[in-house]
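Straight out of TrEMBL:
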- 33-52: transmembrane segment (TRANSMEM)
- 64-81: transmembrane segment (TRANSMEM)
- 127-150: transmembrane segment (TRANSMEM)
- 162-183: transmembrane segment (TRANSMEM)
- 203-222: transmembrane segment (TRANSMEM)
- 285-307: transmembrane segment (TRANSMEM)
- 347-382: domain 'EF-hand' (DOMAIN)
- 477-496: transmembrane segment (TRANSMEM)
- 516-538: transmembrane segment (TRANSMEM)
- 550-573: transmembrane segment (TRANSMEM)
- 579-599: transmembrane segment (TRANSMEM)
- 611-631: transmembrane segment (TRANSMEM)
């Protein structure tokens, strides 16, 4: 009775900590201490719980604390089976009632006993019990991923992109998966590890497939907008579920991320080469070569991520300069006394010289920086925001070859001719009818440069809703980020091994291969926070947020293919395990190459593309089952 009373008081205190007076808290504390004595639990745990609950900032973790407290208590609920007829080898005890004796079942007869992880974590041999434990441990891994994600975002807010965005964030995002893969191959002897390592491969394949199929397709549906000229219109969704006129548009950096993702499958191909060639002698060497290559690719990817913001700024500045060129050419064509191209499709110097005389306001034979700036200010650049002085400087850099900070007539003619030839390119007009088509050609070049600028993801035009500002208290946010990262890493490290053991126990209880359990169930835990974040970003229905969403998905798969695979290959090589995952590798290759190839060469995803993503998920499951159990690949 006292135990029930104290437990209920403890539950009320954890759930409603701010509504209880001090006297009630004292009474609850006393009751909780008594329950600890009855349960014969170390009082240190109670003091730790009280210490955690006393901090206002930790009160948000009350559900997690309650769950851990429950797991601690349930770990003491095991007993030995008894036998009515003792044998000579059994330990005899008295039942204390009739004077009869009962016998504890000897260790050799405990066929149904399960091995507790760490010696105290709960375990069971029943299917329903393992389902419950998978849900509990899965929730804890989801919590770890959430804390790691929150801590990473806070760290990024303080330190910005670059090293943090390039090195720490990708690795922290893949940490729960890497932990599960690592413990799946480190448990027990080599034979046990060979059995349990299928859980790690199932998680690796399942995480990759889920990101590129279910989550990819959902983000396409949630983020769809009306397509106009094959480009999505921000915040406009009037076409409903039209398969061709509705969809999402991403920037060109997402295409680069998709190409990197497709390239990251090379280590899978290398480690699979001996089996493709039906050779058994070079399998261990192939694992080592694939491991080295995956580590090199991981370092290269991190370096690229560090310098990617600088590369993006350079590309964006170049795109703005091209847009200035197209605007000036279009303006000059409208005010020219003739055609910019002659009948043979070549720049007409006579017309260009007349334009120079028109722009030269003081008639001194030179164009100063002020006159060039007046020209640029007088041109409407259609919502493209840029620094006018910077644009003047780039124009001078193109025209002024004598470096005297002004442009004479000859320099102006050479510069305009160079711009026209650059603008024509391979699709430029040629032949005797080139002159009359000059205006259409410049219109096409103007639209092309505007699209290129938009696809580079410029966030200076109001598309970025999350304007960066100064952090209010950087010291406290840094401490908070560090605590969240440490807590997330600790939870992932502590409960990865129990989760792997539970998956194997559930597999033994149901007869379902552990690969399929880890393929379907574990990615739901480790990728849930990433999936929710991606869907929320996509629902804002903007090109910029859609670009961030699909870039994150490609980046997550890339880290699976290089970081998580590096961990997996290291375990296989160091423990001397056998690489026998042909069907799993084939599924990863198909999904990555199909979705990566599709996203590498286009920046607009119509709505019909979501069906391709959705269908790849059941296709992957069915392909693994057919190859393993019909053709005997595994």
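Each position is counted from 1, following the chain as shown.
Just so you know, glycine gets a Cβ as well, placed from its N, Cα and C.
Because TrEMBL annotations are produced automatically, they should be read as predictions rather than curated entries.
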Among the recorded stretches 203-222, 477-496, 516-538, 550-573, 611-631, which has the greatest number of Cβ pairs closer than 8 Å to the transmembrane segment (285-307)?
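If we count Cβ pairs closer than 8 Å to the transmembrane segment (285-307), 550-573 scores highest.
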Any residues 6+ beyond the ends of the transmembrane segment (550-573) with a Cβ under 8 Å from its own?
170-171, 173-174, 177-178, 181-182, 185-186, 193, 197, 200-201, 204, 207-208, 211-212, 215-216, 219, 248, 250, 253-254, 257-258, 260-261, 264-265, 267-268, 271, 284, 287-288, 290-291, 294-295, 297-298, 301, 527, 530, 533-534, 537, 579, 588, 592, 596, 599
Find the average pLDDT over the domain 'EF-hand' (347-382) in the predicted model and report it.
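Across the residues of the domain 'EF-hand' (347-382) the model's pLDDT averages 73 on the 0 to 100 scale.
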Quick test of the contact rule: Cβ under 8 Å, at least six residues beyond the ends. What residues does that give for the transmembrane segment (611-631)?
205, 209-210, 212-214, 216-217, 220, 513, 515-516, 519-520, 582-584, 586-587, 590-591, 594-595, 598
By Cβ distance under 8 Å, which residues at least 6 away from the ends of the transmembrane segment (203-222) in the same chain are close to it?
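That would be 177, 180-181, 184, 247-248, 518-520, 522-524, 526-527, 530-531, 534-535, 538-539, 546, 549-550, 553, 556-557, 560-561, 564-565, 568, 584, 587-588, 591-592, 595, 605, 607, 609-614, 616-617, 620, 624.
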